[in-house]
Amino acid sequence: MPLAQGSRQLGACKIYITRKVLTPSANMTAGEIPAAYVGRDSFFGGRPPLPQEAGYAIVLGVGVFLSLFTTIMVYMDKVANGTAINIAGRNVKTGLTASVIVSQWTWVATLLQSSNAAWNYGVSGPFWYAVGATISIVLFGILATELKRRARTCHTVCELVYVRWGKAAHLTFIFCCLVANVIVTSMLLLGGAATVNALTGVDAAFASFLIPWGVILYTAASGLKGTFAASYVETTIVFLALVVCVYTVYVKEYSSDLIYDSLQAISGMTESECVARFMKDGVTFYEAGTYSCGPVVENNSGSYVTMLSMGGLKSGIISIVGNFGTVFADQSYWQSAIVAKSANVHKGYLLGSMVWFIIPFALATSLGLAGVALGLPITAGEAGSGLVPSATAVHLFGDFGAVMMASMLFMIITSTGSAQGNAVSSLICYDVYRRYINPSATSSQILKVSQAVIVVFGLGMGALGVALNHMGLNLGWVYQFTGIAIGSAVVPLWNVLMWKDANATGAVAAVWGGMILALATWLTICQAEFGEITVDNLGTLNPNLGGNIVALCSSALIHVGCSLASPQNYDFEPMGQIDVLEGDLSGLGDANYSPELLAKAKAWLVKYGLGFTILIAVVWPVLSLPAGVFTKDYWIFWVFVSISWAFIATVTIIFLPLYESRGSILGVFMFMLCLKKAEKAEPAKSEEAHQLARSEGGLERGGRRWSLTRAGLGQAGAQQAEARASRRGTPSPASREVHLRLLPMARSQPRFSQHAARRIWVTLQLPQSSNAQLPLSSTAQLSPSSRRLGSSTAQLPLSSTAQLSWGSRRRLGASPPLTSTGAAPLTLRHCSRGSWRSWARSRRWSAARVALAGAQQAGAMASRRGTPSASSRSVHLGLLPLARSRLR
Ligand SMILES: NC(N)=O
């Protein structure tokens, strides 16, 4: 920057200058207002750097771009590799799990509110923001591993509550979860609308109304698989922008020395210097607290570069409570935990949180502090609306900075908004519609309801955005209020999975009691401190601090007290019995859920997750306190940690998911270069099958291991299958052919078809009207079906090229001919106990049986059993290799 023309009048501050960087752009003096801003009473005030057309293009264009991108990605992978991207199906690997967590946890507040904290409190602001949000993710990771262990088939967190604590608690937590979604959505709308308004001049209320359209389009286009792909792209873009910003501020344009000197100079200014600094035509417009000028209230020596900051600490506590609330009560995080591969959940969460930490920390340490240090005339109102990083980006990069910030934010808004829409839709579908309105809802009915909810939610978002703008609330206000509204749900939600004695009455009393006490505290402190309760006063630090602490602590005391008085002594068994929907099958194999595996995962996360938490939340701040006001060397070390962490996190989060998916990516490239033909769809490669086979001493055949699978629904079924398996002994390693016979016992006239090596013939007889369609049709590769099922996933036992029921045939259209017996040839590709079991359970067949080459024995066995009642839901399913087919 050129030396400011009007800077000489600020002579007093020049005594702080110690060094200047020799790059032309850093040709500024520490603490001076750049010439372009002298006499300006706000940074943006009526001067948007981009035209309105750019605003409309960004608001709507990002949604269109992401929709097209995800659709093409999913299509290419399917055509080139014959798989659905191996990301859904409860089978998401570590890198992508981390990427998704980072993307979901990156809100507009992550960029905007953290920089607001830096602008207000200095270095401690970003630090406490990042710590507050990171530890909630780490602890949620522990819940996620427990979820895998205890309730692998659940769809929503409220299902757990219902199964364990009943209806009153269920309704209470549905309310809390929906409030969490509304709050997060409000922050998206407020931050997004304020930014697009400041950068392009589009009316904020109108922007709020437009934002949901891109979100709805994206949600409709993406589906779960696409969402994961888009999350990766979003995370990548955020990290690239992060690195560019950090590098520009601390290396390319300025230096850590210059930023340090400027921060010290500005915090050292006296009242009269500030008055002189913000002046136009000889008249000052300076008001204390409106601009960053002079000592920082409640900071050691008033400095920006100290961790001894009461303001920073208070905002950190507010951040911790609010973030616990928004992670624990936000269904979208439970949804990520549900789809993550159980073996990877713990690593994904820890990696995700370590990587995520640096986003608010480094971005606010660069753009947020630079907003102060570079003397930009940002007002407290602009900062509260989240405009600090945009202002700094515009100052640093001009129009490119405006486009970069707006695009990045709208990417975040679109993906987080979509996750919120999906979360609300899951809650309404599973916890309201299926639970209270239509308990026997089919997957297609659920899908229709879910689509309707997403559209209604999107439109509601628009109305909410307009209303919030009308009420004059800003991002910072809502962020601080979050813990007051939902902080009381945190401890009961932890207890639902972690504490066997936590009882229902305590949970309900804790949520409502904690919320009421928190609201009362918030209002009381506001009245006591300011003498009147206004929207502005309610948005200040102390009332929010009191409200947040009371929400968390009082609810904890209530729940613990009630539970100790009357312990529930819950055995968690029913949580593992939650019904899955048709098509919602994959990744549920026992191999992924062995108690040893999950216990190890939990122990791992407790050890390293808590270690990381203690490191960042205790060790780091404690070590930095003795420094008081940082020396320049200490500050340089601080910046060095920030830059190095940012670079390492960027490389990790961009390349690890690519490395894990290298097979699919290579397949797509080869297909595009015409080096590879389109592949016939097949189920995604299943680690699970390998693990299963290994665990049962099976053999490898064609890259797949096979031995024995069996499944049962419920205790009795499992035991029977177990007994049968042990009667038959261990399968021979030579076995390679499997003959599968499924006999819905209600129609159990066994029929047999020929078999050949690695071919199986399945005979099913189903009534024409049966709803037991899709025994195989929920496979990802049966596109009509998978589209219909929406959430259908890639990892399925059979490579289905046929449908086995008349019903599914009708629905699926063209298919291989079904014989009059309903038999159809299938190629056995992968199988896992869990998949079979899930499938069988989700069909609610009365019974199914698998026989070997000696299939007639199975048939005989089936008919000996007779026709079970149609209401029976027991399933006994065994799959045995041919060589062992002779029963001993
Ligand atoms: N996700 C947050 N709290 O930035």
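Glycine residues also receive a Cβ, built from the backbone N, Cα and C atoms like all the rest.
Listed features, source TrEMBL:
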type	residues	note
REGION	715-737	region 'Disordered'
REGION	772-794	region 'Disordered'
TRANSMEM	54-75	transmembrane segment
TRANSMEM	96-115	transmembrane segment
TRANSMEM	127-147	transmembrane segment
TRANSMEM	196-220	transmembrane segment
TRANSMEM	232-250	transmembrane segment
TRANSMEM	304-328	transmembrane segment
TRANSMEM	349-374	transmembrane segment
TRANSMEM	394-413	transmembrane segment
TRANSMEM	477-497	transmembrane segment
TRANSMEM	504-525	transmembrane segment
TRANSMEM	604-623	transmembrane segment
TRANSMEM	635-659	transmembrane segment
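Here the transmembrane segment (196-220) lies next to the transmembrane segment (54-75) in space: the count of CB pairs under 8 Å, restricted to residues six or more apart, reaches at least 3.
Distant neighbours of the transmembrane segment (349-374): 1, 28, 30, 34, 94-95, 97-102, 105-106, 110-111, 114-119, 122-123, 125-127, 129-131, 133-134, 137-138, 140-141, 144, 238-239, 242, 245-246, 248-250, 254, 258-259, 262-263, 266, 292, 304, 383, 388-389, 391-393, 395-396, 605, 608-609, 612, 616, 638-639, 642-643, 645-646, 649, 652-653, 656; these residues of the same chain sit at least 6 beyond its ends, with a Cβ under 8 Å from one of its Cβ atoms. Highlighted: of the candidate stretches 54-75, 127-147, 304-328, 477-497, 635-659, 477-497 has the greatest count of Cβ pairs under 8 Å to the transmembrane segment (504-525). The stretch from 54-75, 127-147, 635-659 that makes the most Cβ contacts under 8 Å with the transmembrane segment (394-413) is 54-75.
Between the transmembrane segment (96-115) and the transmembrane segment (127-147), three or more CB pairs separated by 6 or more residues in sequence fall under 8 Å, so the two stretches touch. A contact between the transmembrane segment (604-623) and the transmembrane segment (232-250) is absent, since fewer than 3 of their C-beta pairs, 6 or more residues apart, lie under 8 Å. Away from its own ends, the transmembrane segment (127-147) comes close to residues 101, 105, 110, 113-114, 117, 154, 160, 307, 312-313, 315-320, 322-324, 326-328, 333-334, 336-338, 340, 342, 345-346, 348-350, 352-354, 356-361, 364, 493-494, 497-498, 598, 601-602, 605-606, 609-610, 612-613, 616-617, 620-621 of its chain (Cβ-Cβ under 8 Å, at least six residues beyond either end).
With pairs at least 6 apart in sequence, the transmembrane segment (477-497) and the transmembrane segment (232-250) have fewer than 3 Cβ pairs within the 8 Å limit; the two do not touch. Same-chain neighbours of the transmembrane segment (635-659): 93-96, 98-99, 102, 123, 232, 235-236, 239-240, 242-243, 246-247, 250-251, 256-257, 259-260, 305, 351, 354-355, 357-358, 361-362, 365-366, 665, counting only residues six or more beyond its ends whose CB sits under 8 Å from a CB of the stretch.
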